[in-house]
Amino acid sequence: MKHLLIVSLVFVTIIWKIECETDMYDDSSIVKTEETEEVKPCGLNEVWMVCSSCEEECGKTPQPCPRICQPARCQCPAHKGYRRDGQGNCIFCHDSVPKL
């Protein structure tokens, strides 16, 4: 039973990552918030996500992330090799940590 749960979790994570990589990322760097209608740029290497999700950190094993649309925000695009560093910056990581 434990193995079935692990296999199911890995399968769902892989499907989620494939779908995110193919249709969720928008590489625009200027954002317009609905509340204020003011234009704000994303930080270096970040992209604006209308439907954001969990982010990965350099040097840490990726954790399962529920497929729930979180509030719009600038996000670090993991599908391009970018992760958050210890200071919260979006940087390209040369990790040897395996992806789930």
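Keep in mind that glycine also has a Cβ here, set from the backbone N, Cα and C atoms.
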Cysteine paired with C93, where Swiss-Prot records a disulfide bond, from C42, C51, C54, C58: C58
Choosing among C74, C76, C90, which residue does Swiss-Prot name as bonded to C42 by a disulfide? C74
In Swiss-Prot, C76 is listed as disulfide-bonded to which of the following: C65, C69, C90? C90
Under Swiss-Prot's annotation, the disulfide partner of C51 is which of C65, C69? C69
C42, C54, C76 as disulfide-bonded residues, winner by CB count within 10 A: C76
Among the disulfide-bonded residues listed here, C51, C58, which has the most company in the form of other Cβ atoms within 10 Å of its Cβ? C58
Euclidean distance between Cα atoms of C93 (disulfide bond) and C74 (disulfide bond), Å: 18
Long-range neighbours only, meaning 6 or more apart in sequence with Cβ under 8 Å: which ones does C90 (disulfide bond) have? G43, L44, N45, E46, C76, P77, Y82, R83, R84
Where among the disulfide-bonded residues C65, C69, C93 do you find the Cβ with the fewest other Cβ atoms within 10 Å? C69
